[in-house]
Structure formats: structure tokens, C-alpha cells
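Q: First the structure, which I've put down as C-alpha cells, then a few questions once you've had a look.
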């Protein structure tokens with residue numbers, strides 16, 4: 001065991017003394033030391049309750065013969081950091097989380113890890129750190145919040161407070177209407193109620209095999225959530241005894257299973273970044289081509305918010321992620337023999353699962369669409385690729401040709417949208433928002449939600465080298481690579497250019513001649529980094545790679 005390096009032998013008497021200072025006993029130090037990574041804080045609704053989840057994990061570990069030791073992790077709320085300079089930090093924090101887990105685990109010689117997180121960048125950051133270390137590990141989420149209810153209808157943070165901002169600006173909502181919506185959009189703790197990035201990643205963790213069945217959908221307030229956490233504490237001890245490490249589970253086939261699930265449920269476009277980043281740490285080669293190939297053959301069979309009216313609690317009641325995976329397995333669309341943290345194969349985990357509501361989980365022969373939720377676009381505007389959540393695009397906007405309205409930053413675009421300077425048919429271009437250029441690759445939820453609130457989602461597209469919240473819907477193409485700050489074609493767009501978007505044929509094109517683009521490229525000057533000297537973001541901008549490879553650090 002790794003922990004023997006700090007607990008055994010005469011030379012480790014000082015180390016044991018430090019443990020005894022905290023109340024650990026000699027008997028505790030003879031057991032495997034299990035690091036419980038707790039990302040609880042009092043600023044993220046999805047993490048506010050995690051101390052309760054961690055206590056359940058600890059009980060499970062102790063009951064199975066281990067010594068649980070809690071260590072902290074940071075966590076940023078994408079919602080609260082949205083639409084201001086703070087949004088430069090969430091994606092960049094993913095790497096901080098991975099690095100801090102590496103540092104804490106190696107410094108203290110933990111034998112295994114239970115990773116307790118919930119929200120957007122915390123999930124991949126934790127899995128990246130554990131994959132890098134290649135120790136036995138299990139991921140446990142805090143679970144989704146329940147949707148709100150107002151005037152007999154279910155609402156959530158996106159189909160509620162965010163989209164209400166645009167509706168208020170349009171004069172559709174009164175002050176009282178807006179106040180009621182913001183009071184009712186988030187009624188409980190937990191990750192936001194729809195299939196946004198947090199719940200997408202928590203669900204994909206089941207398909208990857210790194211979390212127990214139910215991890216993605218059991219609501220945060222339910223007792224079953226604490227039961228799952230306790231079982232995870234027991235299971236980590238089994239993994240230690242069987243010497244099953246995370247990379248034994250995180251194979252190429254496991255990632256393909258996760259992508260297949262992603263396509264079937266219509267997960268967040270951010271999953272492309274995060275799965276590639278986790279794969280990078282697990283030494284698995286994963287590319288945008290893997291997403292595109294799998295998307296073309298996996299039907300889209302659930303339509304949760306923001307694309308539809310169902311929420312995570314509805315998916316849970318319909319059979320959960322296990323039921324979706326069972327549908328895919330029965331059609332030979334996933335690899336069923338993959339090892340999971342239960343110590344069993346994926347097939348053994350899900351073989352008895354049933355779809356309990358086929359209006360929430362449709363059969364494969366009656367999908368919402370024959371292709372998966374995410375499409376990868378290419379063309380002269382995105383030679384290295386771009387990403388769109390096609391499952392959340394209205395059919396009439398799968399093809400669009402429009403005039404470019406160019407903005408060098410989110411704030412300028414948002415102001416133009418709110419001041420009604422964007423018109424039907426336009427293509428809003430928000431650039432210099434990529435991993436290097438921002439730096440940090442901000443999410444554009446506020447502009448996209450404002451477009452919807454103004455009723456423009458069936459006539460106006462938005463493209464960016466930034467990214468989108470999992471709550472974004474509509475014809476929004478992100479992750480355009482190369483990014484503007486690297487001299488990508490998006491930097492060469494001029495006001496009034498024509499842009500053609502053809503999602504069905506996976507194309508995005510700037511309708512400008514190659515000769516004109518070459519001339520513009522010669523005159524392009526790379527802007528300086530916007531991050532102040534001495535900051536983490538300045539260092540991040542020097543090391544981060546393209547969104548087309550997961551925005552990992554070199």
C-alpha cells in the first residue's frame with residue numbers, strides 16, 4: 001500500500017505523531033488510507049450539501065475496513081460567474097483541481113480516492129487528477145436539484161431565470177414576473193435540474209464505469225443519494241483489495257460508451273472538451289472524429305431541458321442512465337464487457353434495467369432524431385472543428401445563411417442583443433473568447449438566453465471560439481478552432497460577411513474568397529494577452545491548447 005510510506009517503520013515515527021495529533025489511532029494507520037476529496041463550499045448550490053454526502057462515504061469506507069481522510073477541492077459556480085470577468089476561471093479551474101488532487105495524493109500517500117463533486121468543471125477536474133495518478137478511485141456526485149414550479153409549469157435556471165432576462169427586456173415580463181421566476185427557478189440544492197454540463201458529466205461517469213449506477217440522476221434531496229455515497233465507500237475498499245486502478249476502467253471502449261450515451265441523451269457540448277481532457281490523462285487517444293463518428297450512428301432518445309421539457313428527476317423515474325444504456329446495449333451500440341467500479345462489467349450492472357416511461361426514454365425505433373445530440377462541423381471557418389448541440393436546434397435552423405455581426409468579446413455582443421441591434425437572419429460572431437484569447441474560454445449563456453428571450457432563436461445564429469453552457473439551446477456553434485487569438489479564420493471575419501451553417505452536412509463556411517482571406521490574414525495582428533501579469537490566467541494562456549484537443553495544458 002502507498003500509505004506504508006507514511007505509516008510504517010521507525011523512520012515514520014514523526015509522521016505517525018502528526019496523525020495522532022488529529023485523533024487517528026494506531027489501528028487506523030494499519031488500514032488503507034482513503035482520500036475523500038470534498039468540493040463542498042457555500043457558493044455553489046450543487047456543492048452546498050456535499051458534507052452530508054461525504055459523511056455517508058466515510059461511513060462506507062470505515063465499515064469496509066478503511067480509514068477515510070477528507071481533503072478539500074475548490075469549486076466554481078458557472079452560473080454565478082456567468083456574463084462577467086469571473087467566467088474566465090471555471091474552465092481554467094479544471095486544471096487546478098486536477099493538479100491539487102495530484103499534489104495532495106502523492107504528498108500524503110493515499111491508497112485510493114473517492115471523489116465527491118457535482119458541478120461543471122469539478123467533475124472532469126477530479127477525474128483528470130485521478131486518471132493521472134492511476135489509483136483506485138470512484139466518483140460520487142451530489143445529485144441534481146429538483147425543478148421549480150410556477151403557475152403550474154416546471155422551470156429551471158435556464159428555462160426560467162436566464163431566459164427571463166431577454167423576455168423582460170422585450171417587455172414580455174413585468175418586474176413582479178421576473179421576481180417570481182428568479183425565486184422559483186432553483187428550489188433545492190443540487191446541480192441545476194436540466195441536462196446541462198454538470199448532469200451531463202455526472203451521467204457520463206456511469207457510462208465510463210467510474211461511478212455507481214444512479215450517480216447521474218438520483219436527485220440531491222433523496223435518501224437514495226446518501227445510500228449511493230455509502231455504497232461507494234464500501235466499493236472503494238473492494239477496488240483496493242482487488243488492485244483495480246482507474247486506468248483499468250478508463251479504456252478507449254469506455255470513452256466510446258460515454259460518447260454513445262452522450263449522443264443518446266443529448267448532453268452538453270462541453271462534454272467534448274472534458275472527455276478528451278480525461279482521456280488525455282488516462283493515456284487514451286480521443287478526438288473530435290470519435291464524437292462525430294459515434295454521433296452519426298446513435299439515435300437521440302431523450303429530450304431533457306434545455307432542449308425539452310423533462311428534467312433529471314423525470315429521467316431518474318423513467319429508469320435512469322442504466323435504462324438508457326440497456327437500450328443501447330440491446331442494440332449492440334456500446335461495449336458491454338467494460339470493467340466498472342462495481343467490480344463487475346457494464347452489462348452486469350445494467351442487465352436488469354427497464355425503461356419505466358417511454359415518453360421520457362424513447363425506444364430506439366422512435367427517436368427524436370436518428371443522429372446523436374452533438375455534431376462536429378468543419379469548413380474554412382473551422383478547419384480544426386467546431387461543436388454544436390444539434391439536438392437543441394430547431395429544424396428550420398439546421399441550415400442558415402446570414403450576415404455576420406462581429407463582436408470582439410461577449411460583453412459587446414450582449415449589449416447589442418439587449419439593445420435590439422441584432423435582427424432576424426443575422427449571425428452573431430463572438431470572438432477572442434477561446435482558451436488562449438479570453439483566456440479561459442467563457443460560456444456564452446447570457447447572449448444565447450437573451451436571443452431566446454427576444455424570440456430570435458428561429459432566425460438568428462451565434463458562433464464563437466468560446467463555448468456554451470449546457471443550458472444553451474438554439475443554433476449556437478462553439479469551440480471554433482483555431483481560435484481568433486491564434487489567427488484562426490474567425491479572426492478574419494468582417495461585419496457584413498456572409499456565413500453559411502449546414503449542420504446536417506457538418507459544414508460551417510465563411511463565404512469569402514481564399515484570396516481575400518489571405519489578404520486579411522497578412523494584415524491581422526495578434527492582440528496581447530488580456531490577463532494581467534502575475535495571474536494564474538496569464539500562466540494558463542501560455543500553456544493551454546486548442547479546444548479541438550480538449551483545452552488541456554501542455
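Using N, Cα and C of the backbone, Cβ positions are placed for all residues, glycine too.
Taken from Swiss-Prot, the feature active site, proton acceptor applies to 469, supported by sequence analysis. Annotation source Swiss-Prot lists Mg(2+) binding site at 78, 120, 121, 443. Swiss-Prot lists 119, 192 with the feature [2Fe-2S] cluster binding site, giving sequence analysis as the kind of evidence. Swiss-Prot lists 121 with the feature N6-carboxylysine, giving sequence analysis as the kind of evidence.
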Q: If I take the alpha carbons of the residue listed as 'active site, proton acceptor' and residue 443 (Mg(2+) binding site), what is the distance between them in whole Å?
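A: Rounded to a whole number, the Cα-Cα distance is 6 Å.
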Q: How would DSSP class residue 443 (Mg(2+) binding site) in three states?
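A: Once the DSSP labels are grouped into three classes, residue 443 (Mg(2+) binding site) ends up as strand.
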Q: Highest Cβ count within 10 Å among the binding-site residues 78, 120, 443: which residue is it?
A: 120
Q: Taking the recorded Mg(2+) site as 78, 120, 121, 443, identify the other residues of that chain whose CB atom sits within 8 Å of the mean position of the site's CB atoms, giving them in sequence order.
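A: Surrounding the site, in chain order, are 76, 81, 90, 91, 119, 197, 198, 270, 469.
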Q: Ten-angstrom check, please: count other Cβ atoms within 10 Å of the Cβ of residue 192 ([2Fe-2S] cluster binding site), all chains counted.
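A: The answer is 33.
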Q: Give the distance between the Cα atoms of residue 120 (Mg(2+) binding site) and residue 192 ([2Fe-2S] cluster binding site), rounded to the nearest whole Å.
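A: Checking the Cα atoms of residue 120 (Mg(2+) binding site) and residue 192 ([2Fe-2S] cluster binding site) gives a distance of 10 Å.
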Q: Quick one: pull the CA-CA distance for residue 443 (Mg(2+) binding site) versus residue 192 ([2Fe-2S] cluster binding site), whole Å only.
A: 16
Q: If you count Cβ atoms within 10 Å of the Cβ of residue 119 ([2Fe-2S] cluster binding site), leaving out that atom itself, what do you get?
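A: Result for residue 119 ([2Fe-2S] cluster binding site): 28 neighbouring Cβ atoms inside 10 Å.
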Q: Cα-Cα, whole number of Å: residue 121 (Mg(2+) binding site) versus residue 192 ([2Fe-2S] cluster binding site)?
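A: With distance taken Cα to Cα, residue 192 ([2Fe-2S] cluster binding site) is 14 Å from residue 121 (Mg(2+) binding site).
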Q: Rounded to a whole number, how many Å is the Cα of residue 78 (Mg(2+) binding site) away from the Cα of residue 192 ([2Fe-2S] cluster binding site)?
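A: Counting only the Cα atoms, the answer is 11 Å.
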